[in-house]
Amino acid sequence: MAACTIVWFRRDLRLEDNPALIAAARAGTVVPVFVWSPAEDGQFHPGRVSRWWLKQSLTHLELSLKKLGSPLILRKSPDTLSVLLEIAEATGATQVFYNHLYDPVSLVRDHRVKQGLSQRGIVVHTFNGDLLYEPWEVYDEEGQAFTVYEAFWKKCMSMPFEPEAPLLPPRRLTGPIGKIVGCNAEELGLEDEFEKSSNALLARAWCPGWGFANKSLDSFLRSPLIDYARDRQKADGASGTPTSLLSPHLHFGELSVRKIFHEVRKRQITWAREGNAGGEASVNMFLRALGFREYSRYLSFHFPFTHERSLLANLKSFPWRADEGYFKAWRQGRTGYPLVDAGMRELWATGWAHNRIRVVVASFSVKFLQLPWRWGMKYFWDVLLDADLECDVLGWQYISGSLPDGHELDRIENPEVEGYRFDPDGDYVRRWIPELARLPNEWVHHPWDAPPSALRAAGVELGTNYPRPIVEIGAARERLQASLAEMWERDAAMKAALANGLEEGLGETVEVAGTGGPEHERMDVPRVMVHMQRDADMSCNSSRRDQLVPEIVPNQFHIRAHESIMNRSAAMVEDGEEAGRAAVPMVFASVRRGMGGNYGGHHVEGNGGEVAQASAPIQWPTVTAVDYELDSTAESASVTGRGGSEGGTVPVWSQSVSARTPIQVREGLVPEVRRGPGLSRRQLQASVQRVNLEGMTSNKQAEEEDFYVPKLVKWTQPRKRRVKQDG
């Protein structure tokens, strides 16, 4: 008898090379489902233009699935699990298939959904539909996770097995018997009436949908790819599209990364045979860009805290400036630096900017203005058409110097020099800053140096219709050096406290050469074991395709840990320590190994022996991120929150959080992560272990704890008193 399978669509809105959909089609009846759940997205609720793209893409997918014989069921709900259980009961589905996601929000939600489905006896199959290689397949010679891109990508390109070839779409689908209640894309509420007029302009430049994504790829392969190495640095595409423009299609899964990889590799082989060195260089450059996307998910999976704090532990001590005035001027494109302002105005108007422009504006934010990199990251998330959490985190950490191979800490780009480098003719600046349209090329990237006669002739009045520089270049360099000196001083004090037993360690770390400070300074990089843990998991009958998640264990000692010695009364914001101590805590999934099995090379959950049935509706704890409500900077120029720091309150983006009550914590569930008196953030900054979350059938009651923290692998310094770890 053919099985009835629910295919849970998320960011894989395509028919071609969709492993979950194709496996379900082979198994029997297919019930395609998409659940729009803004409540589960929390502070990472998509912005206006991203929601517009999602709406168009869902409409396109809905039509495609209907033609194949099984229409897409659209639902809006605060709880994805309840929707899947309801549809499973209505259709008689015994299986749920879906493709992996790797951002921390999705890891928490997916684990919760798997547990709930498993407890109801529903089998779960998960697949890799987003990466060339799974994060747990790539590790260094010591079995550790990579923290440098070059080493990571070199290993990917030398793997013993090639990325799997893309799969063809199913020819037809067998839909469920009877009508399943759902809604259309319009009823999901992805855009309101006020947004539609602005969104209508987006349709002139973009065509969302998996069918159009394939056309965009074909167009890129035919012409721009061969000159990619030469043209990719151009900020203005007047002479042709300098980049692939595939990132929105990739984010929403309209296009398979494996298809892109194999199609590009075919071109590389052809051009190598023809002796086309330029074409080969272009392919290598483009594949490296594709590799950064892989690396972003790799880091997000192995270091799931990177959306809120730097990978380099030393950056915790950097004195970021919580200046809302600077932040507002940067967002509005009123900094007085033409290339920066043009980029920010384009970003707000279109939801898009060239990668080089994104680097310039981000560097200006964190190096010139010293605004916390998480502010810029969240703003990009709110306004970008291709907003992608993992890629945004990687980009902002790289530019702020928060990665071992990122920009040097003391590196500061001159916007004037960058302007003549990426926009030598000034066409890009003139398009987005009409106030400077008549200014000669000689002065267009530094109007403050133009003679009064040139300014009068161009109709430019500095300080009136175009601002003067918000920060002078020389002053910005001096302030950055002073901040770095303060960072090293604070970092040394923290390490001294650690050596004296006043602070907890960060877990196992490794030191790398420091940048932007005294030569003897070293940067602390967390270490995560990949290979050894994976070998242990393989003994539980799991395959290399099984998805892993970070593990946490309760430990009462962490509640009694001493407070950090950082000076919280200073008028600066430290990395991971927002004003009012409202930083977002790390969220991990506490799991317990159970019986599991394999099916067709992919993981099966829920069929390893008798599955415990829930005797009552499952009360899932709510995963929350912050302690109070603040407005999104994409919609409002001002934010509210707790004051007390120089330059105004600290913008933190979040859904509102109601009063919290203690919850009953069970192993296998995702607890609410809270902070309270006596819990140092050091306990939330440990390297973590991964375990196989699949096949969990244990319902053992765990000890009720006030706090969950990551399991510490190794202390970086001896402590006065060692406490035995639980688990």
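Cβ atoms here come from the backbone N, Cα and C positions, even for glycine.
Keep in mind that TrEMBL annotations are predicted by a computer and have not been checked by a curator.
If you look up TrEMBL, you'll see 3-132 marked as domain 'Photolyase/cryptochrome alpha/beta'. Taken through DSSP, the domain 'Photolyase/cryptochrome alpha/beta' (3-132) splits into 65 helix, 30 strand, 35 coil.
If you draw a 10 Å sphere around the CB of F286 (FAD binding site), it holds 24 other CB atoms from the protein chains shown. The annotation FAD binding site is assigned in TrEMBL to Y228, T243, S244, L245, L246, S247, F286, D386, A387, D388.
The site 'Electron transfer via tryptophanyl radical' annotation in TrEMBL covers W320 (among others). Residue environment of W320 (site 'Electron transfer via tryptophanyl radical') contains 25 other Cβ atoms, counted within 10 Å of its Cβ in all protein chains.
TrEMBL lists W373 (among others) with the feature site 'Electron transfer via tryptophanyl radical'.
Per TrEMBL, site 'Electron transfer via tryptophanyl radical' is recorded for W396 (among others).
Comparing the binding-site residues L246, A387 by how many other C-beta atoms lie within 10 angstroms of each C-beta, the top residue is A387. The recorded positions examined here are Y228, W373, W396; by Cβ neighbour count within 10 Å, the least packed of them is Y228. Comparing Cα positions, W320 (site 'Electron transfer via tryptophanyl radical') lies closest to W396 out of the recorded positions Y228, S244, F286, A387, W396. Taking the Cβ of S244 (FAD binding site) as reference, residues of its chain lying under 8 Å away and at least six apart in sequence are, in sequence order, S216, L217, F220, P224, L225, Y228, F286. Each residue contributes its Cα atom, and for A387 (FAD binding site) and W373 (site 'Electron transfer via tryptophanyl radical') these two points are 16 Å apart. If you measure from the Cα atom of W396 (site 'Electron transfer via tryptophanyl radical') to that of W373 (site 'Electron transfer via tryptophanyl radical'), you get 6 Å.
Per-residue pLDDT, averaged across the domain 'Photolyase/cryptochrome alpha/beta' (3-132), gives 94. Farthest C-alpha pair in the FAD-binding residues Y228, T243, S244, L245, L246, S247, F286, D386, A387, D388: 23 Å apart.
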